[in-house]
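Scroll down for the structure; my scribbles are underneath it.
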Amino acid sequence: MKKGRLIVMTGPSGVGKGTLVRSLLKDHPELHLSVSVTTRSPRPGEINGQDYYFVDHLCFQNMIERGELLEWAEFTGNCYGTPLIAVKEKIEAGISVLLEIELEGARQIRSTFPSALSIFIMPPSIDELERRLRGRGQDSEDAIRRRLMRARAEMDAASEFDFEVINDDLDFALRRLESVLYSPV
Ligand code: ADP
Ligand code: 5GP
């Protein structure tokens, strides 16, 4: 059986990665979204095992030491990582796996798996990114400030990735994403 593809999608927090991925998965149930592990506290409505596996720092540290994470990074005070085993099983079963992760983790994937398809999601502007972070209404003022500071550095890294998709109009960005994923290579 042909192996599945590893697809990594990155871009600043608030750009709309989660929104794009949710829409994409509705139309493409053949894709598998990797569920990450994080030490961040759940936001209202987030479900353990569905949005993330929410763990404490000791558990996260143990996972690193046991080699259970494909990649991991610290992001604005919390740790985030991709569980290795689920990704491996899906890829080997011929299912393509989507990772929706921040820049450092995406860089790790690019160096470990050069064959991974990598996509950077870009906001139309930093002002619009700030509006989206505030509009989401789920992060503290301090968290928003730290995410915006990090966003500027992240946006400078866009050219490292195979494709850049600007998430201005959502439908337009979705179509572009589909063309990147499904056009013949
Ligand atoms: P991320 O997963 O990158 O942190 P989200 O998917 O949570 O970002 O989106 C952040 C906010 O921006 C949400 O409130 C979402 O509804 C909104 N959003 C996403 N894409 C667009 C878009 N193209 N135009 C306007 N608002 C958007
Ligand atoms: P949030 O707290 O908004 O859910 O996520 C913060 C950032 O962490 C986002 O940019 C998100 O893409 C990233 N992230 C989520 N899961 C992972 C992961 O497993 N690894 C890495 N490196 N980043 C992740």
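In case you wondered, yes, glycine gets a Cβ from its N, Cα and C as well.
What you see is a predicted model, and the numbers here were worked out from it, not measured in a lab.
What TrEMBL records for 4-182 is domain 'Guanylate kinase-like'.
Taken from TrEMBL, the feature ATP binding site covers Gly11, Pro12, Ser13, Gly14, Val15, Gly16, Lys17, Gly18. DSSP assigns Val15 (ATP binding site) to coil in the three-state reduction, outside any helix or strand.
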Listed in sequence order, residues with CB under 8 A of Ser13 (ATP binding site) and six or more positions away:
Phe75, Thr76, Glu102, Leu133, Arg147, Arg150, Ala151
Model confidence over the domain 'Guanylate kinase-like' (4-182) (mean pLDDT, whole number):
95
Quick one: of the binding-site residues Gly11, Pro12, Gly16, Gly18, flag those whose CB is under 6 Å from ligand 2, and say none if nothing qualifies.
none
